[in-house]
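Heads up, the thing below is written out as structure tokens.
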Amino acid sequence: MELIIISGRSGAGKSVALRALEDMGYYCVDNLPINLLPELADILSTSQQSAAVSLDIRNLPHSPETLDTLLQQLADAQHQVRIIFLEADRSTLIRRYSDSRRLHPLSMQDLSLEAAIEAEAGYLEPLLQNAELVINTSEISTHELAQRLREFLKGKPDKELKIVVESFGFKYGLPLDADYVFDVRFLPNPHWNPDLRPMTGLDQPVIDFLGKYSEVNNFIYSTRNYLETWLPMLEQNNRSYLTIAIGCTGGKHRSVYIAQQLGEYFQAKGKKVKIQHKSLEKHHKKNSA
């Protein structure tokens, strides 16, 4: 199995890095006692799950030889261990600690902040020497750090954005998870056709009814183009999910049809898309009760 060890200076961004790896699908453990690493790797190897563990000054062995022995033990068990070391300039670390008002782990030894930063560098030297990747976070944002990690681990700069396209009814309230909300209540309403009223936007007669209106087709086309314009930037911006909500009055006809059309379009483009119809689920539960 693949085991990523995130280590480095306190205040250099290990927690940010661990969250980024969690978004990439790694099983993440923060500050695991180092003697438990082989046991964790053995347990997770049965499910073929990759893992990431953060190690800092608090859970490192006192002897460099102990670290070497553990790494060799993992290698002998056919685990792929990769060490990523996060560094930052002394002035940057001092500023970050000043801004956060947190104590450095070595401050408990009655060291000043500058002395603690200096002492920590010596303790971490064995990990630095074994690191496959060293990143200085002094001048980069959290998004840039996450992107560098993706490039290193996955071989590509952008992770796959998961898109959720959902329909809803305004009378049930706005969906709390929506990033974008599009109101389609101004479009022709099949509800006023007695034959179409019991149907939904997934039924062919409703599809034919809405598909004949140019304003419906123009709305789908314009919304599709808008999303296609900005999707590349959203994919680069360290997002895991994008939720697009389409709403009409009851969430039964217009919003269902348009959400389905948009979702299927982006699926055909190779995007990872989930289509869901929130208010249809309410109608179904109501009718089956």
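Glycine is no exception: its Cβ is also placed from the backbone N, Cα and C atoms.
Swiss-Prot lists GLY8, ARG9, SER10, GLY11, ALA12, GLY13, LYS14, SER15 with the feature ATP binding site, giving sequence analysis as the kind of evidence. Other Cβ atoms within 10 Å of the Cβ of ARG9 (ATP binding site) number 26 in total over all chains.
Counting every protein chain shown, the number of other Cβ atoms lying within 10 Å of the Cβ of ARG58 (GTP binding site) is 11. Per Swiss-Prot, the feature GTP binding site maps to ASP56, ILE57, ARG58, ASN59.
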Checklist entry - What three-state secondary structure does DSSP assign to GLY8 (ATP binding site)? => result strand
Next on the checklist: I'd like to know which of these binding-site residues, GLY8, GLY11, GLY13, ASP56, ASN59, is least surrounded, judged by other CB atoms within 10 A.
Outcome noted: ASN59
Item to check | Reduced DSSP assignment, ASN59 (GTP binding site) | outcome: helix
Checklist entry - Relative to the Cβ position of ALA12 (ATP binding site), how many further Cβ atoms are located within 10 Å? => result 25
Checklist outcome for this item: As a whole number of Å, the Cα atom of GLY13 (ATP binding site) is distant from the Cα atom of ASP56 (GTP binding site) by 11
Checklist entry - Among the binding-site residues ASP56, ILE57, ASN59, whose Cα is within 10 A of the Cα of SER10 (ATP binding site)? => result ASP56, ILE57
